[in-house]
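Novice: Structure in structure tokens, see below.
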Amino acid sequence: MLTPKKWLLGVLVVSGMLGAQKTNAVPRPKLVVGLVVDQMRWDYLYRYYSKYGEGGFKRMLNTGYSLNNVHIDYVPTVTAIGHTSIFTGSVPSIHGIAGNDWYDKELGKSVYCTSDETVQPVGTTSNSVGQHSPRNLWSTTVTDQLGLATNFTSKVVGVSLKDRASILPAGHNPTGAFWFDDTTGKFITSTYYTKELPKWVNDFNNKNVPAQLVANGWNTLLPINQYTESSEDNVEWEGLLGSKKTPTFPYTDLAKDYEAKKGLIRTTPFGNTLTLQMADAAIDGNQMGVDDITDFLTVNLASTDYVGHNFGPNSIEVEDTYLRLDRDLADFFNNLDKKVGKGNYLVFLSADHGAAHSVGFMQAHKMPTGFFVEDMKKEMNAKLKQKFGADNIIAAAMNYQVYFDRKVLADSKLELDDVRDYVMTELKKEPSVLYVLSTDEIWESSIPEPIKSRVINGYNWKRSGDIQIISKDGYLSAYSKKGTTHSVWNSYDSHIPLLFMGWGIKQGESNQPYHMTDIAPTVSSLLKIQFPSGAVGKPITEVIGR
């Protein structure tokens, strides 16, 4: 018979066991938020510092930990690889994402990084927009590892205007990944994740937030004469936006232009506002950060990239985009304070790559610059035809790499080495070229570090080209005659911000050298979970406190 004394003893024992379990639980934040500001050069933190408010970038700098000397440790420095490397702690040679696109030597065609014809679009009828998944990714992400550590009870969501910047950070088995459809102005996904859009996504889409954001056009946040960190408003090296005939403020017809082409919102600061509002909706819709099981939200802020590409780093448009993003971040952090609680969430902010100054801007200030070969594939194929008598020997030229068509070589009875040597010799004559490397012989190449290591890390034997080209400093692809671009090893493309704030983070900064690939191991160490499967980086001891 169970006496009152024995019953009370049993209750005390069970209560003690439950208390011990709670006490011994691994200390983790309720929510991790990984923010990637697309194309954010490290110096943007300080170029516009005097105009930032206290709640956005300055909050991270003044209450969090800033790493001032973080570089990307591979080439090419592009969006898909950047997001993959941040969240895998790995490099293209291992994780398999060798570019936004690459040439598939077996299929004989260009392949987009997240393209997947085995899945169907959800939320749109456009296959090109919706047929995407992480199947081309060979390694696990830190978000995957969190799922493995919690027996997949953690909620993981990726949000971006860009498909690749939502899909790759969220990993192989997230709760969801959502991206923007230019044809409808709504967020969508694919059947890789779900058969139908969750109610919270439909509710958000039905609010028609993009139209509301562009309704009043785009004018400068501050009086335009205060944008002293930027060039004058009307310069020849800036691109146009919408129906405006000059690259100048104000952009009064934005609402009309958006209705004609909904993807236009990408090239305005309001694309970032939209993304962060969608991120807020994801937190609410998935009840993220409400219990002791850590959740993970990945957010790519893509409009900084689109605005940067179109106008260039020294434009008033870019400065205004960052000042508005600063305010959006302050609102987002305030919402996290209310929903999750100060000290209960961990945020890190970085970038997938930087950007070069516009060629026109550099020329105006007597800096070394120029354009890379206008149409290298066409020009070189003409020379190869004359030399070897075969057409289309070069199958593709992308990511500063040259791919040879193996079938053409075989049919023409040509040796790869002979053709490659000839092309390398010809490329070395180009004034824009610094080095030309055979990807079969990178280890033996007599080029300095860190270029050599970055080429090795970026080379994927299955997906990269036969020749790697290193351009001279300041030389941009010919398609970037307006605005700017990125892809190279130089500091303007490879030097990125890295800030941590919130749970478990002390205030401070470090000038010690670190790499993009150190981010995922650092987050893994803070969460006390296994590193991603292909990680080559190491935890940043200043951040984790030991």
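Start at 1 and count along the chain as shown; that gives each residue its number.
Using N, Cα and C of the backbone, Cβ positions are placed for all residues, glycine too.
Not my notes, these are from Swiss-Prot:
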type	residues	note
ACT_SITE	T79	active site, phosphothreonine intermediate
BINDING	D38, T79, D352, H353	Zn(2+) 1 binding site
BINDING	N100, K162, D163, R164	substrate binding site
BINDING	D305, H309, H486	Zn(2+) 2 binding site
SIGNAL	1-25	signal peptide
Novice: Other residues with Cβ within 8 Å of the Cβ centroid of D38, T79, D352, H353 at the Zn(2+) 1 site?
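Specialist: Here the nearby residues are V36, Q39, T77, V78, G82, H83, A165, N300, D305, A351, H486.
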Novice: What recorded positions in the list D38, T79, D163, R164 lie within 10 angstroms of D305 (Zn(2+) 2 binding site), counting C-alpha atoms?
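Specialist: If one measures from the Cα of D305 (Zn(2+) 2 binding site), the recorded positions that come within 10 Å are D38, T79.
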Novice: Measure the Cβ-based neighbour count of H309 (Zn(2+) 2 binding site), defined as the other Cβ atoms within 10 Å of its Cβ.
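Specialist: By my count, 20.
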Novice: Test of understanding: give the count of other CB atoms lying within 10 angstroms of the CB of D305 (Zn(2+) 2 binding site).
Specialist: 26
Novice: Select the closest residue to K162 (substrate binding site) from the following binding-site residues, measuring between CA atoms: D38, H309, D352, H353.
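Specialist: Given the candidates D38, H309, D352, H353, the nearest one is D38.
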Novice: Which are the residues of the chain, N100, K162, D163, R164 excluded, whose CB is within 8 A of where the CB atoms of the substrate site average out, their centroid?
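Specialist: Same chain, not in N100, K162, D163, R164, Cβ within 8 Å: T79, A80, Y112, C113, T114, S160, A165, S166, I167, L168, W179.
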Novice: Starting from the Zn(2+) 2 site formed by D305, H309, H486, give every other residue of that chain whose CB sits within 8 Å of the mean position of their CB atoms, in sequence order.
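Specialist: Along the chain, the qualifying residues are D38, Q39, T79, Y306, G308, H353, A355, T484, T485.
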Novice: Among the binding-site residues K162, H353, which residue has the fewest other Cβ atoms within 10 Å of its own Cβ?
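Specialist: Per-residue Cβ counts within 10 Å for the binding-site residues K162, H353 bottom out at K162.
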Novice: Taking every protein chain shown into account, which of the recorded positions T79, N100 has the largest tally of Cβ atoms within 10 Å of its Cβ?
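Specialist: Within the set of recorded positions, the most crowded position is T79.
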Novice: Checking your reading of the structure: which of the binding-site residues N100, D163, R164, H309 lie inside a 10 Å Cα sphere centred on D352 (Zn(2+) 1 binding site)?
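Specialist: Near D352 (Zn(2+) 1 binding site) by Cα: none of them.
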Novice: Using D163 (substrate binding site) as the reference point, find which of the binding-site residues D38, H309, H353, H486 has the shortest Cα-to-Cα distance to it.
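Specialist: Nearest by Cα distance to D163 (substrate binding site): D38.
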Novice: In Å, rounded, how far does the Cα of H353 (Zn(2+) 1 binding site) sit from the Cα of T79 (active site, phosphothreonine intermediate)?
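Specialist: That comes out at 7 Å between the alpha carbons.
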Novice: Report the same-chain neighbours of D38 (Zn(2+) 1 binding site): residues 6+ apart in sequence with Cβ closer than 8 Å to its Cβ, ordered by sequence.
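Specialist: In sequence order, the residues whose Cβ lies under 8 Å from that of D38 (Zn(2+) 1 binding site) (at least 6 apart) are T79, K162, A165, N300, L301, A302, S303, T304, D305, Y306, A351, D352.
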Novice: Give the distance between the Cα atoms of H486 (Zn(2+) 2 binding site) and N100 (substrate binding site), rounded to the nearest whole Å.
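Specialist: N100 (substrate binding site) has its Cα 12 Å from the Cα of H486 (Zn(2+) 2 binding site).
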Novice: Taking every protein chain shown into account, which of the binding-site residues D163, D352 has the largest tally of Cβ atoms within 10 Å of its Cβ?
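Specialist: Highest number of other Cβ atoms within 10 Å: D352.
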